[in-house]
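Peer 1: Let me begin by handing over the structure; questions about it come next.
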Amino acid sequence: MATKKQPPATGVAPSPSHINTNQKVEALETFRADATNQALTTNQGVKIADNQNTLRAGERGPSLLEDFIMREKITHFDHERIPERIVHARGSAAHGVFKVYESQAELTKAAFLQDPSKETPVYVRFSTVQGSRGSADTVRDVRGFAVKFYTEEGNFDLVGNNMPVFFIQDAIKFPDFVHAVKPEPHNEMPQGASAHDTFWDFVSLVPESAHMVLWTMSDRAIPRSLRTMEGFGIHTFRFVNAQGKGRFVKFHWRPTIGSASLLWDEAQKLAGKDSDFHRRDLWEAIDNGDYPEWELGVQIVEEEDEHKFDFDLLDPTKIIPEELVPLKMIGKLTLNRNPDNFFAETEQVAFCPGHIVPGLDFTNDPLLQGRLFSYTDTQISRLGGPNFHEIPINRPLAPLHNGQRDAMHRQTIDKGQASYEPNSIDGGWPKETAPAAAGGGFESYTERVEGSKIRVRSPSFKDHYSQATLFWNSMTDPEKDHIVGAYSFELSKVERKPIRERQLGILANIDETLAARVAENLGLPAPKKNADADELGKSSVTESPALSIIAKAKPSVKTRKVAILAAPGADAASIKAAQDALKAEGAHAKVISPTLGSPAQGIEADATILGMPSIMFDGVIVAGGKDSAKTLSESGDARHFVLEAFKHLKAIGAIGDGEDVLAAAHLPSGEEGVAVGSDAKTVLKSFIEAMSKHRVWSRAQKAESVPA
Ligand code: HDE
């Protein structure tokens, strides 16, 4: 009989103390296939001599069933698709690292938040919510912001969104909400859009959605780039330190390049002209070495302060205003590597809010509690069984051993005879690690709970409007205009008048001016506040500048994209000057011409005017040169290019004769953010300054008269 391993006297083998990115790369290496210099084979490893012709009886004869090569290939192809995610089907992801700034031992014992010299590998997936896998990137929607940390103590998934609140307070309403927002069941329309009856029917009947719907009607729902989005864990979580002390925590991600959004007209056009706009931007930024970065911020609330707010910390439709609890930045996330294979990594990655590590814990937020069940459950049908944790992108780097066995697609070849615990046959292994001193296992935070078994909503969840009012009051004027525009657009697409009227009632409870402005656009009477005092609630904070993207924008042109418009005969010196000046500031220039080819000596066009319209850029510079200016002035497409940039409040520059093109497009002259002149240096300086503010907001009213 074979000798059995003997257990050591105490404890279990410790986890590896240092896991780094290279280890994740190496771990994936085992599964990565590189076909360079390799023969084409079947899945059984048999070399294929002819991949062009099915085996047949005679040159013009029938195909033979015997052809195992053709059958294997077609069979595999027939089963290529897996079910897309029910929500968040459209996504893009990247690898990266997370580093904590300094030990957070006082707050949490989580190993990945202790040592600033440690790098924890991460995989981050961004997504839209409503649309199917092939839907457009720039639709008005919430964005998912899901981070998988491969920590030395196991995987921690922070599965958040780019907005800090949610539509509903209880998980049991999620299927209702999703059915309402998805394309309507009878005709599967519209795709990736909330501008339809079922969505507005539901939210107008469910006032707890008022705050979140306001966020989705704001600029947050049409980000300029995935790299300029903030992220939020939404729910209140718990940090637990080594002494067992627990504190409430809210998680925030802040992009280091600042936040920025599209305009609605741009977003709609981009959905048609480049439906991969966000995916491409993320991919290219990482390819260019412009690694996207976010700081991780936490808001900490001591347990004894749980009830000191005018909202419930467990209510996911509420934020903790930064005026009440400031953000503390504790670390940085950097995305530095594009995936090798979309399906293997981005499609198969499986997030779950229940994937946590020692030092973290949940709260009783009823939305979070439901999520803890849903994600694992959905992966079982999406990824074909309970072994999805073995798919390379989902495998933890921490060692894993347990008695779970078999099921579809099992990869691990478990050794030993005992798949149960306790056992004496395999020496008792693997063993549980309690008490913590024996091995640092996960122990749930001890929380006192008492009460009757009831289906009720806590009265502390009743206020549905006061924080929506806070959000509205914290917006700058252009942001308020966009919100009015968004409600008006969406509700104008709702066919049933009672739904429009009911939603106006909700708006009046948020702010009567907001309701009146939208009502006017809908040709309906403006309603007055109609909720009772409990529902209206009261926020101790009346304005929070941190909620506005424009109010806290940091001037920068880093990684922004500029079109240099040039036709044959363009002045090469003006193009080079623009390229150099932009490069020095970390911006990227592309030469755009009516055709591909060379518009000036030594300069190649990167794209055509129709191939890369101005909506794909943050600013436009028209190159100098008489012939170039003449061609562009006579081209309707070129004139539209600059006019559209003007309409979208972008910085515009024209060097030398380039100014003629602006005149030909009938651009109002002497406008803020439009720099013209013969001295390239001066033009570029004011152009860069204007673009650093992202948009020229003061132009908004004038831009309205420019046709879209
Ligand atoms: Fe999700 N959600 N969700 N969700 N969610 C899914 O899980 C669910 C909620 C979020 O990139 C699904 O793997 C329920 C809030 C992200 O793969 C599913 C409830 C927040 C992603 C699911 C919520 C999110 C998902 C679909 C209410 C922000 C994409 C596929 C109780 C904090 C993750 C999947 C990725 C995906 C359920 C509410 C974020 C069906 C039941 C709140 C970022 O399990």
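Glycine is no exception: its Cβ is also placed from the backbone N, Cα and C atoms.
Keep in mind that this is a model prediction, so the values were computed, not measured.
So TrEMBL says this about it:
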- 1-20: region 'Disordered' (REGION)
- 41-429: domain 'Catalase core' (DOMAIN)
- Arg85, Arg125, Phe174, Arg371, Tyr375, Arg382: heme binding site (BINDING)
- His88: active site (ACT_SITE)
- Asn161: active site (ACT_SITE)
Peer 1: Between Asn161 (active site) and Arg85 (heme binding site), how far is it from one CA atom to the other, in Å?
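Peer 2: Per the Cα atoms, Asn161 (active site) and Arg85 (heme binding site) stand 16 Å apart.
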Peer 1: Using all protein chains shown, find which of the binding-site residues Arg125, Arg371, Arg382 scores highest when you count other CB atoms within 10 A of its CB.
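Peer 2: Buried the deepest by this measure is Arg125.
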Peer 1: Would you work out the biggest C-alpha to C-alpha distance among Arg85, Arg125, Phe174, Arg371, Tyr375, Arg382, the residues that bind heme according to the record, and give it in angstrom as a whole number?
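Peer 2: 21 Å is the greatest Cα spacing among the residues binding heme.
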Peer 1: Tell me, by DSSP, whether His88 (active site) is helix, strand or coil?
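Peer 2: In the DSSP reduction, His88 (active site) maps to coil.
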Peer 1: For the domain 'Catalase core' (41-429), what's the model's average pLDDT?
Peer 2: 97
Peer 1: Between His88 (active site) and Tyr375 (heme binding site), how many Å separate their Cα atoms?
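Peer 2: Pair distance, Cα basis, whole Å: 12 Å.
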Peer 1: 10 Å Cβ neighbour count around His88 (active site)?
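Peer 2: Total other Cβ atoms inside 10 Å, all chains included: 23.
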Peer 1: Same chain only, sequence gap of 6 or more: which residues have a CB within under 8 Å of the CB of Tyr375 (heme binding site)?
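Peer 2: Spatial neighbours, sequence-distant, of Tyr375 (heme binding site): Val159, Ala350, Phe351, Cys352, Pro353, Gly354.
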